[in-house]
Amino acid sequence: MAKVYYNGDANEKYLQSKTVAIIGYGSQGHAHAQNLRDSGVNVIVGLRKGKSWEQAEKDGFAVYSVREATKQADIVMVLLPDEKQPNVYKEEIEPELQPGNALVFAHGFNIHFNQIVPPEHVDVFLVAPKGPGHLVRRTYTEGAGVPALIAVYQDVTGEAKQTALAYAKAIGATRAGVLETTFKEETETDLFGEQAVLCGGLTSLIKAGFETLVEAGYQPEVAYFECLHEMKLIVDLLYEGGLSWMRHSISDTAQWGDFISGPRIINDAVKAEMKKVLHDIQTGKFAKGWILENQANRPEFNAINRRENEHLIEIVGRELRSMMPFVKEKQKEVVVSSAKN
């Protein structure tokens, strides 16, 4: 079993008298910066000019160009989107890294797939909260935290692991528990979870169920409720207590249906496809395709995104959510762009 680290296992001294540069001020960036500052760490933010720069200054941070922030920092946490990191690293971060600095990531993609090759004179480690930035920030302010993974790729100073734990503690992660992993394990399992279960698997399952009911003559609105809207109720139960708690909480009829019908849907053929997905991740085939897609300015990504946003389940969903005051509408208008930020 994996070892779990808590507050008592981390020592803040590894961050004392050091400056941490947060590169990027999006979902994770704002949470890391504010949590670190509230933990007494000296934090600066590195950005390119734009709305994020203005927001970081509004939040009280000293903001610099990425290159200048790297130059001033002892620890550089790169929290830009995966596809933007290599160019920014090569042009603005790498030239300013000094011996003994720490280069830090929240996801191992670019290190593991050799899109970023760090110099030999710096520590390289990972601190990856297992939750979105707003949750990392909110739980911290409530005195709790979000679990995280740490991994060391390169330890020049002999203190990389201790610094990673200190960083994890400063953002609140050791309050919940921190697991040690490797860049390989974090990257491959994270991509697999997204593709086969949490995002790709789930959205395809929801759409297939919705389409099955609509094609059988049932009202799209009813199909939406049964296949998408109620998902939150089940996921909340799973989050609280795993599969057994969810099954304990639903009706016996639903549980019996789970037992006898679930394996018909997610069967050995599906598991075989999951293994193929994992193989594509492990061999770098997925990474190569995604890198090439970005280099070509995302033609397939954008086309699929537009098509998915026009699916009947999206149209029906927007109409139904507008009728539910207890559901905060997250998406007033779908705007398909080549990048989120």
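Including glycine, each Cβ sits where the backbone N, Cα and C put it.
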Residue from Gly8, Gly108, Gly131, Gly133 that Swiss-Prot also lists as binding NADP(+) with Tyr25, Gly26, Ser27, Gln28, Arg48, Ser52, Asp82, Glu83, Lys84, Gln85: Gly133
Neighbour-count leader, CB within 10 A, binding-site residues: Ser27, Ser251: Ser27
Those residues of the chain, 6+ apart, with a Cβ under 8 Å from that of Gly133 (NADP(+) binding site): Gly26, Ser27, Gln28, Gly29, His30, Ala31, His32
Structural state census, the domain 'KARI C-terminal knotted' (182-327) (DSSP three-state): 122 helix, 0 strand, 24 coil
Entry from the binding-site residues list Asp82, Glu230 having the most other CB atoms no farther than 10 A: Asp82
Among Tyr25, Gly26, Ser27, Gln28, Arg48, Ser52, Asp82, Glu83, Lys84, Gln85, Gly133, the record's NADP(+) binders - longest CA distance, Å: 20
Per DSSP, three-state class assigned to Lys84 (NADP(+) binding site): helix
Recorded positions compared (Arg48, Lys84, His107) - highest count of Cβ atoms within 10 Å: His107
